[in-house]
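Undergrad: The structure that follows is given in the form of structure tokens.
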Amino acid sequence: MPCLCRISVELDCALAVSPMATSNFSSIMSSTFYLTGIPGYEEFHHWISIPFCFLYLVGITGNCMILHIVRTDPRLHEPMYYFLAMLSLTDMAMSLPTMISLFRVLWSISREIQFNICVVQMFLIHTFSFTESSVLLAMALDRYVAICHPLRYATILTPKLIAKIGIAALLRSSILIIPLMARLAFFPFCRSHVLSHSYCLHQDMIRLACADIRFNVIYGLVLITLLWGMDSLGIFVSYIFILLSVLKIASREGRLKALNTCASHICAVLILYVPMIGLSIVHRFAKHSSPLIHIFMAHIYLMVPPVLNPIIYSVKTKQIRQGILHLICSPKISSIAM
């Protein structure tokens, strides 16, 4: 009998707490946060939006052109260009979620963003950031196979394997991000709801929570260390083997030609990792520095790779350059012929 009474009391307590927890969850999901543009330069936001428009236009146009060229030119249906198409897709997927909220702030339309939309936005940003790192690792392995095992290149990197690598990279990043995003729904945000960027980042939002955020901090740090660390280590090891193989080539021209095929990829790696590391350092060790530094680093991290990667690959890769010139010049030639 006492056991039955105790169970009954516990059930009553659970039923009493459950609506409270549900109510708290619902209030968080419907809560509003406020994005920040460029602090201190609010009267110039319309003018500041012009270079951002230009950068987004260059990034979207360049990546779309690469995707179109790789899809339509049968000569580019090779592993290297499939991975390049993946890089273009992840570049756009990482930067496009920020575009709408950024211009809503700069054009003074609205600074408000709902919590659920904010979570979706940061999920996409962080997922495709990690995915891009994985794609760069896959591209390093592609260069390793092409230089160290050229006769087996086509048989090792088959279209089926490339598709599996792309799916695995996306699943790895998205699944590991879910615990961080899920815990945010149960944090009370009793402090200011003003975010320090014009889009949502996990490290920016958790500092507003009135709760124990140690799990998010430690899990996020472990995630960054494991994913970026493993990817960068894999890239580094791949290039050690590539250099050892290149040094065995007898002619100087042959060595330079082999290394030249890696130049674009090395630039893409630096373009992603340097701003990424810089942003992480600023958020963790320079919390009290000027807000402009945080905003500047965040914009570089999200906008530089999509803008520069197509430019680098079109300059350094002959086939891509020829494809772009053909795409630009063929309508003019057709109009002249008519």
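Cβ coordinates are placed from backbone N, Cα and C, and glycine is handled just like the others.
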Undergrad: TrEMBL lists transmembrane segment for one of the ranges 1-23, 47-69; which is that range?
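TA: In TrEMBL, the transmembrane segment feature sits at 47-69.
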Undergrad: Quick test of the contact rule: Cβ under 8 Å, at least six residues beyond the ends. What residues does that give for the transmembrane segment (262-286)?
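TA: Same-chain contacts beyond the ends: 87, 129, 132-133, 136, 139-140, 143, 147, 203-204, 224, 228, 232, 235, 239, 242, 293-294, 297-298, 300-301, 304-305, 308-309, 312-313, 316-317.
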Undergrad: Restricting to the domain 'G-protein coupled receptors family 1 profile' (62-313), what is the model's mean pLDDT?
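TA: That stretch averages a pLDDT of 89.
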